[in-house]
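In what follows, a structure is listed as structure tokens, so that the remarks can point back to it.
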Amino acid sequence: MNKLITVAIDGPAGAGKSTIAKIIGEKFNLMYINTGSMYRAVTLKALENNISAEEVDKLLVMIDGMDMHFENDELILNGENINSLITMPNISKNVSAYASIREVRERLVNLMRKMALKYSVIMDGRDIGTVVLKDANFKFFLTASPEERADRRYKELMGKGVEVNYDEILQDIIKRDYLDSNREVDPLRKAEDAIEIDTTGIGIMGVVEKISSYMEK
């Protein structure tokens, strides 16, 4: 690939975006950028520093002091791999509050776009195809039922040894769907030119094959 390639994958929480984006990234030699993990990193640091979502000025100063980049598909914050920390339930419950702040989104979107100017990238999130990479070469919107997404998250966390309750995860996903879809700034929605894929019951590799078939045309 001589010219830079950009791929946008959007969808609600637990639709399989990050797993699928990683595989597609490896297959097509694209840098995988998990934008959700960047918002989770902000949430992690805000909670550690007792900065509420209402304290926007403090949040922006905090973000300006955060050095974020990706190594082997994992987020490195100020020299530390924080991937195990940002997938904890407490972060999942609070991330929507911080991610809905206009100034926070502007800061992080600017950083994401700079990455896409340097490398061929695949990004997943809520507003990649509609906001971050409006001119992406390929746009996909992944969906799945709330129950299926809760089951995936439950198994993922239990597999990591985290004791969680399925019903709590399901309610959290339903709540996050509502917040993400109804927030004032850059709500979750499918880009008009995105290809929608329902991942319910298909399996990861089935979705990868579908996306690959579009990209190889």
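Cβ coordinates come from backbone N, Cα and C, glycine included.
Here's what Swiss-Prot has on this protein:
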| type | residues | note |
| --- | --- | --- |
| BINDING | Gly11, Pro12, Ala13, Gly14, Ala15, Gly16, Lys17, Ser18, Thr19 | ATP binding site |
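Positions of Swiss-Prot features highlighted on the structure.
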residue	record	CB count, 10 Å
Gly11	ATP binding site	26
Ala13	ATP binding site	24
Ala15	ATP binding site	26
Lys17	ATP binding site	26
Thr19	ATP binding site	16
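The ATP site is set by Gly11, Pro12, Ala13, Gly14, Ala15, Gly16, Lys17, Ser18, Thr19; from the centre of their CB atoms, other residues of the chain with a CB within 8 Å are Ile20, Asp124, Leu142, Ala144, Arg149, Thr199. For the recorded site, Lys17 (ATP binding site), the DSSP three-state label reads helix.
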